[in-house]
Amino acid sequence: MVGGGGSGGLLENANPLIYERSGERPVTPGEEDEQVPDSIDAREIFDLIRSINDPEHPLTLEELNVVEQVRVQVSDPESTVAVAFTPTIPHCSMATLIGLSIKVKLLRSLPQRFKMDVHITPGTHASEHAVNKQLADKERVAAALENTHLLEVVNQCLSARS
């Protein structure tokens with residue numbers, strides 16, 4: 001979603017719709033009890049990814065409705081997490097970067113036993129098949145994270161806004 005590649009630095013989506021952030025999840029007594037195993041659920045995953053910064057706007061993925069809790073699926077017993085994200089426009093050039101940022105946040109936050117599927121919400125992007133293929137390719141993701149510049153951009157998306 002960052003203007004580049006001949007666009008003269010213009011924003012692809014200069015006036016995105018901004019959505020209200022959902023409230024913080026109240027902590028239950030069961031979650032505070034260290035003796036009780038705490039399973040990972042969709043809200044916990046959503047809480048991890050909701051504050052990821054959009055690469056184009058000074059807004060979070062939640063504020064742009066790129067991620068929503070209803071598009072997060074988790075099976076703690078099967079150690080699987082699936083996140084569907086929706087770019088703000090069908091030709092978003094930064095869809096792969098957004099998906100990579102979500103994937104990196106999950107890789108850094110979840111136990112290694114989890115298998116992650118980060119993909120574009122079906123029918124919401126012109127190149128969804130190509131982007132999904134890139135995000136599903138472990139070797140491609142690993143190579144991308146070896147690129148210092150790309151890793152720096154991902155880290156900016158994951159850093160807290162000041």
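Each residue, glycine too, has its Cβ placed from N, Cα and C.
From a predicted model like this one, the values you see are computed outputs, not experimental measurements.
Annotated in TrEMBL:
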{"type": "DOMAIN", "residues": "44-117", "note": "domain 'MIP18 family-like'"}
{"type": "REGION", "residues": "1-38", "note": "region 'Disordered'"}
For the domain 'MIP18 family-like' (44-117), the number of residues DSSP places in helix, strand and coil: 24 helix, 15 strand, 35 coil
Stretch-averaged pLDDT - the domain 'MIP18 family-like' (44-117): 96
